[in-house]
Every structure is written in structure tokens, then in C-alpha cells.
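What follows is one structure encoded as C-alpha cells, with my remarks underneath.
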Amino acid sequence: MLCLLLLLCGLASLGGPLKKYVENSGMQITVPEKIRSVKRGSVESEVSYKIVIENTTYIVNLVRKMFLPHDFQVYSYDSAGIMKPFEDYSQNFCYYQGHIEGFPTSLASISTCAGLRGLLQFETVSYGIEPLKSSIGFEHVIYPVKHDNEKSQYLKKSINVKNVVYKIKSIKSSVRTHYIEMHIIVEKNLYKHMGGNTATVTEKIFQLVGLMNAFFSTLNLTVILASLELWIDENKIPTTGDVNELLHAFQKWKKSYLVLRPHDVAFLLVYRESPSYIGAIFQGMICNTSYGGGIALHSKTITLDSFGVILVQLLSVSMGIAYDNADLCRCRGAICLMSPEAVFSSGMKMFSNCSVKAFKLFTSSQVSQCLQNQPYLEPVYRSNPVCGNNRVEQGEDCDCGSQEECQDTCCDAATCRLKSTSRCAQGPCCNQCEFKTKGEVCRESTDECDLPEYCNGSSGACQEDLYVINGHRCANEEWICMNGRCLSGKAQVQETFGTEMEMGSVDCFEQLNTKNDITGNCGILSPGNYKACGASNWKCGKLICSYDKSEILRNKEGMTIYANISGHICVSIEYPPGHAKSALMWVRDGTVCGPSEVCRQQQCVSSSYLGYDCTPATCSDHGVCNNKRHCHCNPTYVPPNCETQDSTKPGGSVDSGNLRYEPIPETYFVEGAYHTKSRKWPFFLIIPFFVIFSVLVATVVKVYYQKKKWKTEDYANDENIESESEPKSSKVSSK
């Protein structure tokens, strides 16, 4: 059962009047003085400043903190609703964190991109610093960050203790660095509240992430801002109403539309005048692709410092870190980060001993695997692309190195633009500077649950990697698809133990996994303390194979464990806590464990949580649904619903790019005065003109003689009429 955490905030502090955090009476003008600089290449890796605060000089020691990937992008939508990246915002060399010398519990989070901007936290008071506008010198404004928190408190936290998977127990410390790759979305109203300017809003989000990293430094955890999305003109989903419903709507939306660079967790930041809640999150689910997301509500009067604390608390809860029990938990700061009061307090805030233990326990389990992926980071300090560095950057079509070393016939090395005769320079759908034909395979299917992708005929890049929707049956209906793989228990056994291995017998699984020791279990509570599988969960515990060989299985990285059950040799593996392969010890999430049931975190649960709502019947029983819930049709059936059949169509989906290429009829252009070459008409084109001309001549001749005949007859008739009318005229006149 998921524990959905909804956090209520103090109405008196977020919903009512709050003192402005910059008070005129506390403002000071200071001129920071750089006294130390350590460079690596052309970038300062360490720097120290003297800063005067209230007539006292302090030394702030800073170390560069990288949290933007080298290909970071800020996205928004154009008037047609198509997502587009903004200009380069990937400058990531100028963000620092550190402390104030002589104050061991202090914290500093500073940006030096354009002057100093950020936060200085002493034990009981915090100061904001930012450049003084229109200053001739290096003058800055420094001010105390204050909160009217006399009445601030959480009215309740809906945490069901029974659903907190990880109990706090002692565990050895770890120096391993963990990473959270985060995608942040700023909705329309918050975008306006933060300044209504892309550069301003982006800088504030950078400040937030920098502050979060300063808080998480004690856990050796880095938040990477994978990408930023701004909803400037309109929101993609309604952001009003109940925050619980908003979270579920956001999760549903991001499954279909959030297809940017890889990320572990996505957050929607929403502005509300006087919210009752500060956010919503799924507890302990940060690495779950279906539930790795959250909502954070920004009130009208909250400070950037407080909003950073809210995001840290929400992320912490998503990693299984509960709120502190004031009677049991302690920290070195004035107030602990996972205390409800931390949102509204000034001064240094640190994680408690309870939070540190909970985090270490979480990262020692297989459900924290996504935090172990180290993203590619390198200093990006050029605001403009550099042509000739062998890297395609913003504003470039291609980059093949210097003019001397470039061997790309499609790319102009001097401008990093395509040559006039080229349509593309690189990519699986580019061949000799031309796009490959629409429908040509550019990415083969790698699994029964994977789908092939095709060139679309208008780009050198391959289509997005698509796969069969999670929950679809595979391997003769025995297993199900999960993230493009058929989660076969037998395949996992062979991947883990060897290609000749077979899955353990029912007796192996049932008798071993109902124990609570190293041979079989349903999870590790703490080193040496194992959790026995319940009566319905033993198929989801330790992964076990049957072994009938005489030689010993060898595994240099883990411990191989043998057990004799009913005359069968049953084998499992034990990896040390935090090992990169520790997830292989247990049956994978999504493995079938019963009718309409699958394994999930060592429990056999209903498969309904997968949201398998797009079935072959949705596709008229002539296809399967892909991960975007669009039909991928069988050959000869036509997307989007696979209802109609056409023998000339190859099937596929509206996403895969393999709709058959329909050649455009050749267009004949009438040459104008600028073209002087003579035109040679083919003989077969002259014949129709000759026939038409002959018919016209014959028609004209016929009409001519017909008219002549009519005139002769008319003349004769006129004479007869005159002769007949004369007596009548005289007769009338005689009267």
C-alpha cells in the first residue's frame, strides 16, 4: 500500500500575513572582497570572500557545486503547443556551497554568475545577499531573512506508521555519493509570481537547487537539475482543487508527456495564494517510475529559503525519511530539517541522527537503485557555442572539429552549419547528407516487449524509443512486460546465475524465503537482520535457482549460498549493502507471482497498480498499446485504432515513424525568362495537339458552311414573306 503524504501548513504563517523577509531596517550595503581563489583550468573550484555583516567581518569559504548536466535545457511551449528549448541556460560553473569560517554549523549557498547571490545561514539567523542594482562598484545588499513563525505549525501530517517501510536502526556510515536527477516544472501562476521573466525564474530555480544541495550535503547527496520546464502561457493540467487529486493528475500526465532527458523524480511547483497544504508526495517511491513525482505549493508570502526547505522535506519523504520525533531525534543545528517548524525558522537547519540513519537504510536497499546513477557533469562556462570543438551545441547544426581535421562532407567546418547541398550531417536516419527513407528501421526491437522505431523521412534522428505498455502479457502469457522487457523469472535466473541455470522449485522458494536469514528472505531491515516473507509473498523474495552441476558456482562480488531442500540444491546470492548489483538478489518488481498479481518490493500485490488500461481490445485486437498508450498496429492495419486494413500499410503507431512513405508526385515547373534553353517536346505529347487542332479546323469549316446555308435560306424566305404581305397591306389601306 502506498503512503501518500499530504502536508498541511500552518494557516497563520502561510495563509495569513507574514512579515516581508527583506526589512528595510535590516538592509545593509556591503562590498564583498575576494581573498582566495583556486582554479582548475579556467574555472574557480574554490573561492573565499570577506563579507561585512552588521559591522563584523566574516570569511565565507566556498567550493564549486555542479548540479547542471552539460546539456541542460530550459523548455517551454510555442503558440502551437509544441515544446521548444530556450536559448542556452547551461552555465553551471558559478554555483558554490560552503560555510562561514569559525562557525562549524553554518551554511552558505552562493551563485557568483553575476555578483554574489544566495543565502548565508548561521546557527540562529539567516542572511540573504544579492548585487545592488545600478551600482558602480561591487556593492551588494545583505539583509536578515525573517519569518513570522510564532504561530506556525503543521496542523497534521497524514503519515500511517504501518506503511513506513524502513524503521530507523543503526547502520554503518557510507561515503558513497548519491544523485537525484530532478525535472522541475513551474506552472503559469508561479512563473508570474517569480517575476514573469524566463531568465529571472530560471535563476531562482537554480538558487533553490543550490540551497537544496547545501542541505543535502550532510547526506552526501546531490540534486541534479536534469531539465526545467516553464508553463508560461497556459497550464498543461488544471492546478486548482485538492492537492491529492492534483498529484494523481500530474502523475498521469507525466507518463504520457514528460519525455525529456532521463530523470528520477519530477516536481510540479504550483502557486497558491493561501494554501492549506505545502505539498504531496508518495512515501519511499522516488525510484518508482510510476510514482516518482511530487507537488510543492508556493504561497504568496513564503521566502525562497522556506520553499527550499519544503522541497528538501518532500524529497526526503520520497526516500523513506520520516518527520522527526522531537523526543528521539537530535541535530547540531538550531532546528532539524525534518522538523515541521523548519519551514518557518531562520538559521542553520541540519538533518537529525534519525534522518541520517533512515537515509542510509534506504540507500542500502534495492529500491534506491536510481540514486546510484552518476550523471555526466562537466563545467559549462561558455554562454555561446564554440564551433570546432567536436560537440554540437545550441545553435549549431553540426560540429566536425577544426577546418583542418573535419572530414564530414555534410558539415561546413567554418560555420558549423549544414552545407547547402546537405539535409543532415549525423544520426541513424542520415545517410550521405540525406534523410533516409521514411519507414526505414533505425532501432531494432530488442525484446518481445520492445517495439521497433523507424525513420520519419524528415530528420536524421531516430524516433523516440518506445515499448509495449507495462502489464501486457508476454512469453506465452506466462509473464508480463515492464519497461520494454519481458520480466521472465527464468530469464532473470539465467542473467544472474548463468545461461544454463533453471528457476528454483516451488519448495526452494517457499521453504527458504519464509525464513529470515541470509539463505532466504523478503528484504534486509539492517545488517544481519532479515525480513521473512509472508505466506503470500515468498515468490517475491530472494531469487533462487536450482543447481545440478558438480562444479562450484563462483561469484567474486557476492556470496553464493547453497541449501538442500527436498533433495534439490537451491542457490541464492548475497551482495554487500550498497553494491551495484544488490537488486539482482531479489525477484524483480513486475514478475508474475499469481493470477493478476505481480511482485512489488518483495510483496505479491495486485497488478492493478500498473495502470494497464490500454489492452489489445483498445486496438481492435489487431495491435498492442505502447508506453504512450497509443496503438501499435500489426502489419496491414492502420493507426491510430487498427480498425481498417490496407495491404500496403506496414502497421506501427502514430509515434513510431513507420507509416509508409508516399512519394510526392513530381512537379513540372514552367520556366520563365531566366531560362533560355530550348524546349524539346516529346512526340507523344504532339499527337494530342494535332488531333485537337484537326477537330477544331473541321468544326470551323462546318460552322462556316452551315452559316452560309442558313443565310441563303433566310434570304429566300424573306422574299416570299414580302410578296405575300403586299395585298394585305393595300387591303387595309383601302379601308
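Placement of Cβ uses the backbone N, Cα and C atoms for every residue, glycine included.
Looking up Cys625 in Swiss-Prot gives a disulphide bond to a cysteine among Cys614, Cys619, Cys633, identified as Cys614.
The recorded disulfide partner of Cys287, taken from Swiss-Prot and restricted to Cys354, Cys370, Cys387, is Cys370. Among the recorded positions listed (Asn55, Cys287, Cys354, Cys633, Cys642), Cys287 has its Cα nearest to the Cα of Asn564 (N-linked glycosylation site). The local packing around Cys455 (disulfide bond), expressed as other Cβ atoms within 10 Å of its Cβ over all shown chains, amounts to 27. Set side by side, the disulfide-bonded residues Cys336, Cys631, Cys642 differ in how many other CB atoms lie within 10 angstroms of their CB, and the most is found at Cys631. Cβ neighbour counts within 10 Å, taken over all protein chains shown, single out Cys633 as the most crowded of the disulfide-bonded residues Cys287, Cys370, Cys614, Cys633.
In this structure, the CA atom of Cys336 (disulfide bond) is 8 Å away from the CA atom of Cys329 (disulfide bond).
Within the model, the topological domain 'Extracellular' (16-680) shows a mean pLDDT value of 81, rounded to a whole number.
Ranked by Cα separation from Cys287 (disulfide bond), the recorded positions Cys329, Asn353, Cys455, Cys642 are led by Asn353.
Looking at Asn353, Asn564, the glycosylation sites in this record, the fewest other C-beta atoms within 10 angstroms of the C-beta turn up around Asn564. The two recorded residues, Asn353 (N-linked glycosylation site) and Cys329 (disulfide bond), have Cα atoms 6 Å apart.
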